[in-house]
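Step one of this worksheet: look at the structure below.
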Amino acid sequence: MASSEGFLTDGQRELLKIASQNAENLSSSPKSPSSLLSDHHVKAPAGGKSQTSGIAVRHVRRSHSGKYGKVKKDGAGGKGTWGKLLDTDIDSHIDRNDPNYDSGEEPYQLVGTTVTDPLDEFKKAVVSIIEEYFSNGDVELASSDLRELGSSEYYPYFIKRLVSMAMDRHDKEKEMASVLLSALYADVISPAQIRDGFFMLIESSDDLAVDILDAVDILALFLARAVVDDILPPAFLARARKALPESSKGVQVIQTAEKSYLSAPHHAELVERRWGGSTHITVEEVKKKIGDLLREYVDSGDTLEACRCIRELGVSFFHHEVVKRALILAMEIRSAEPLMLKLLKEAAEEGLVSSSQMVKGFSRLAESLDDLALDIPSAKALFQSFVPKAISEGWLDASLTKPATEDGEIQEDEKVRKYKKESVTIIHEYFLSDDIPELIRSLEDLGAPEYNPIFLKKLITLAMDRKNREKEMASVLLSALHIEIFSTEDIVNGFVLLLESAEDTALDILDASNELALFLARAVIDDVLAPLNLEEIGSRLPPKCSGSETVRMARSLIAARHAGERLLRCWGGGTGWAVEDAKDKIMKLLEEYESGGVVSEACQCIRDLGMPFFNHEVVKKALIMAMEKKNDHMLDLLQECFSEGLITINQMTKGFTRIKDGLDDLALDIPNAKEKFGFYVEHAQSKGWLLPLFDSPATDA
């Protein structure tokens, strides 16, 4: 019994203790907000009396009006309450044998359970995916793991975690993070999620700066790289800046990205190569490193150290080169043969060099045995001794077949082989001279138009293993060939050949898939291919091969904002002008010629444009200017250009054709346009400027 002074009995104290514990358990539950309990904590009054001392949270009732019912003084109850908890006798208890027993009256205990947050689970899972990706560099595996993880609504958190983890690591991981983001863009992670993820990163710049000293600069570079890679629109920076406080480091990040990286001359190339990651290491650099580590191994004989060096190269997809060079070294230095075979065996057994890479290494060496035999007479015999030994020891797959000849054909027609050899010589001469008319004459002399797709394949393959200058030259030449002697079907068939052998090309060219995608996209921008041709090319490839992935990548590049301007500058070589820039320069040089009249200077300006595939625009503009100014002086310029071979008959015909197609519109501004054009056509035909197939509009007038 409680005394009149308000003291509790031992039993009541025990009930109060249980009630308090229950209230605490509920307050810690994620489903019971603290605000719900804040009005019902037990408080001891100043006078020493305990007000509703034993109230448990289960007795808090909400009225139908949505308000909590306040208990009356001394816990006697009231509207919306259940009355006094401690009104019961201390000796009362529930009898389960009682006929009126109700299990609902049994006292219960709240059991604390851990409520898992899906976002927390997602964050933990992506850390392991990112760590694994940084260790193996497998973009496809990381992409697949992320897809399998599901929870696509949390992908912005993946972007934030990927970049923040890379920021605290070496340049290699930073480059890998950017490469992965580009690979995931649109295919796995939507553009909107990319923007959300980067905004979360910018928002957390102040926190990142606490742990990473140069966080502002690194994050600015990630932002600039995302813009250059076309996974973030440039307008994102302005919108993000408006949403941030002026005093935040996020604003500093955006300012640094804009001023230090995106405003610099040739910024795209500079930003892409800033981290010098694995995707931008040249083939020659990798080959040199492999050669150096193998020679060091010959001197030291330390197999474990050699394996460690191979692993540190971080080019698991290029390990076939290790195999090939190790075998060549074993042939050149007879004393090194046991060491090299031991190294390859160890590398295979510990999974450092995969079975497919081992087979590719042996196959590539087999392909070059004829050339190798010129320096090492016993090369073929030694190779034949290596193969059965490796197969018997279990580190070379027994399915290794006899070597294939160039381009994977077992037997190749002699005429095709001769054509390939001569086309390589022509392409090398073009890279030295930059003389498109001479190259076209050389191709016509070969007299094998049925092999045009093979020439295209050779052209792009050779350009891919060279610098940006040659890549730009290859794209320019492709445009010229399309107008002069290549049909669209030739171009399509050539790209199909390239993409069918994309995996073999990747053996020698590390970034082959990305570069092929750029060549494809550039061909569309240059009007060499139509967007529908990409669909045709894709339909002729197996759905899951690397070539199909390259076609999808090309579509993404074309669909990006400002794709035309970016792709025209993708190699950073040549003119890199947009079409409008070129048209403007052509108009200016014609105006200068019209006022000055120096033919040789005008021809030199046309030559300096460096866009021979676009010379039909010179013809078109010159003819329109002659009509407008009523000055046939322009015909002298066209005659000189044709005589020098500066403007070919195909380009001349295309220019006249474009005038003919727009003659009705032109007549609205120049009333006698049709009459003047008829005169120009007659003059051109008499001078031999036009192809015989060109139809004069005179009969239609």
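Keep in mind that glycine also has a Cβ here, set from the backbone N, Cα and C atoms.
Annotation source TrEMBL lists region 'Disordered' at 1-74.
Feature annotation from TrEMBL assigns compositional bias 'Low complexity' to 26-37.
According to TrEMBL, the feature compositional bias 'Basic residues' maps to 58-70.
For the domain 'MI' (121-242), the model's pLDDT averages out at 88. The feature domain 'MI' is assigned by TrEMBL to 121-242 (among others).
The domain 'MI' feature in TrEMBL is assigned to 285-406 (among others).
Positions annotated as domain 'MI' by TrEMBL: 418-539 (among others).
What TrEMBL records for 581-700 (among others) is domain 'MI'.
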With Cβ distances under 8 Å as the criterion, find the stretch in 121-242, 285-406, 581-700 that has the most pairs with the domain 'MI' (418-539). 581-700
Helix, strand, coil residue numbers for the domain 'MI' (418-539) per DSSP? 103 helix, 0 strand, 19 coil
